[in-house]
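Asks: One structure, as structure tokens, below. Some questions next.
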Amino acid sequence: MATLTSCSFRLTPPNRFNFRVKIKTSNANFCLCGASLSKRRRMISKENCTRLNLIVRSCYNDKNNTRNENNATNGEGENRDNSNLATMSSTDEKPDDNSENLPTSLSNRNPTISSIGPSHNNFQVDSFKLMELLGPEKVDPADVKAIKEKLFGYSTFWVTKEEQFGDLGEGILFLGNLRAKREDVFAKLQSHLAEIMGDKYNLFMVEEPNAEGPDPRGGPRVSFGMLRKEVSEPGPTTLWQYVIALLLFLLTIGSSVELGIASQINRLPPEVVKYFTDPNAIEPPDMQLLLPFVDSALPLAYGVLGVQLFHEVGHFLAAFPRKVKLSIPYFIPNITLGSFGAITQFKSILPDRKTKVDISLSGPFAGASLSLSMFTIGLLLSSNPAVAGDLVQVPSLLFQGSLLLGLISRAALGYTAMHAATVSIHPLVIAGWCGLTTTAFNMLPIGCLDGGRAMQGAFGKSALIASGLATYTLLGLGVLGGPLSLPWGLYVLICQRTPEKPCLNDVTEVGTWRKTILTIAIILVVMTLLPVWDELAEELGIGLVTTF
């Protein structure tokens with residue numbers, strides 16, 4: 001546990017909220033400004049706050065000031081301006097007013113508290129008050145009482161118990177018995193809540209936690225959670241986020257052009273190829289030698305960027321008619337595929353799970369459609385002698401990186417073309433391959449990836465947790481994605497591991513056909529990311545397998 005070393009307060013009456021608190025511990029510094037606490041709230045865990053009971057008492061009066069000045073003159077340094085008492089305890093018991101009861105480790109460290117202005121008595125801040133000031137704003141108890149009396153009833157939902165709701169307990173969860181069809185009750189409660197409280201709160205219908213059994217009317221037991229709008233709804237996009245998104249997009253353009261240059265490896269100068277392929281090469285070549293190859297790299301770069309933009313357009317087209325706001329996309333550059341896709345956040349609360357599934361699948365389906373079109377057209381052009389001058393040589397081992405795409409390429413190009421050290425293909429094949437691979441990675445059922453959101457909406461959070469553990473295991477073992485499994489797994493752990501927040505109606509099922517489509521999509525994703533093992537590659541003639 002950290003030890004309180006110094007504590008200072010600055011009070012400026014008559015505005016009692018205009019104070020400044022500075023607490024310095026052994027491992028953290030906190031600076032709290034009362035006038036801006038409502039704007040700068042920090043998430044503080046209740047568990048940590050219950051371990052810390054900080055009580056600061058400051059007594060200001062003219063007599064004490066005079067006495068302290070006299071004591072200071074006599075050399076008594078223990079009592080200075082505005083004698084103060086600061087204690088830290090791991091228990092919930094309130095310490096005595098006398099300094100004699102202080103622990104030895106703390107009594108030797110007298111904090112200094114300076115005051116400005118008229119005197120104030122008995123100013124006290126404890127850990128729970130700090131949590132309330134810094135944490136998200138909670139539901140007003142008076143509103144809870146009014147809502148419980150006016151909103152719920154015997155014809156809709158009979159409340160039997162109340163619990164905390166939200167990540168930090170900032171909301172209220174009403175548990176009880178449903179008295180009608182859940183969808184009708186939820187619509188009625190939402191309408192009635194708006195009449196009582198206006199747009200102050202958001203009402204959520206969620207599955208009852210730790211329910212002993214299903215609802216007698218069928219389906220899971222439900223409960224209703226309530227949060228303030230400013231707490232539950234995502235904040236607007238800031239200027240810095242726009243700047244970061246622009247920088248990432250520029251880097252993605254650069255990585256896409258780099259991919260286009262690397263695809264011409266058989267035409268690049270030998271010294272450049274040696275530098276990027278020989279691990280013993282130290283001295284970098286003249287990069288101006290790559291400038292003549294930039295123009296020929298642009299078509300592939302356009303294809304890779306086009307797939308990513310088409311993916312994001314699919315999301316926005318699905319979200320617009322449902323009045324769901326999305327953030328700007330944050331493109332993730334990657335030198336192997338050109339891009340790892342983009343991070344797109346929901347900027348409004350989703351109304352139901354169907355909306356979550358539809359918006360999540362629309363982007364990957366749009367990007368996969370364009371990628372598959374380019375991949376198919378590129379394979380057809382690879383067999384056309386009229387465009388032989390536009391073909392590039394790639395190692396045949398490339399087609400062993402995907403079971404599904406390798407089988408399609410084998411069927412289109414034939415055994416003779418594929419069973420060789422290098423294969424001549426059109427650049428559209430590479431663009432389509434990279435687009436399909438990126439789409440497959442983003443459709444993995446994990447975290448808040450598109451596949452994870454769709455899995456959570458279609459099958460629930462429990463299914464997402466199970467599929468996420470399985471996906472992490474396969475990525476860690478290198479079963480999915482080959483050499484890209486590790487960087488992709490790290491990217492998901494850092495940026496995309498947290499599941500999406502619940503919808504307003506987080507109970508109503510999405511229907512059989514959405515679940516079926518998602519299941520088929522996950523199977524295709526696994527086949528796309530599953531490499532071809534050597535025995536099967538040799539039997540099918542996908543690449544030239546070398547045995548020792």
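From the backbone N, Cα and C atoms, a Cβ is placed for every residue, glycine too.
According to TrEMBL, the protein carries these features:
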COMPBIAS  67-76  compositional bias 'Low complexity'
COMPBIAS  100-118  compositional bias 'Polar residues'
DOMAIN    301-460  domain 'Peptidase M50'
REGION    63-118  region 'Disordered'
TRANSMEM  239-261  transmembrane segment
TRANSMEM  362-382  transmembrane segment
TRANSMEM  394-413  transmembrane segment
TRANSMEM  425-444  transmembrane segment
TRANSMEM  464-494  transmembrane segment
TRANSMEM  515-533  transmembrane segment
Asks: Out of 394-413, 425-444, 515-533, what stretch is closest in contact terms to the transmembrane segment (362-382), meaning most Cβ pairs under 8 angstroms?
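Replies: Of the candidates 394-413, 425-444, 515-533, 425-444 scores highest.
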Asks: In terms of Cβ proximity under 8 Å, which residues at least six beyond the ends of the transmembrane segment (464-494) contact it?
Replies: 332, 334, 336-337, 340, 401, 437, 441, 444-447, 449, 452, 455-456, 526, 529-531
Asks: Over the span of the domain 'Peptidase M50' (301-460), how high is the average pLDDT in this prediction?
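Replies: Average per-residue pLDDT within the domain 'Peptidase M50' (301-460): 89.
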Asks: Same-chain Cβ contacts of the transmembrane segment (239-261) under 8 Å, 6 or more residues past its ends?
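Replies: Here the qualifying positions are 268, 290, 293-294, 296-301, 304-305, 308, 327-339, 427, 430, 434.
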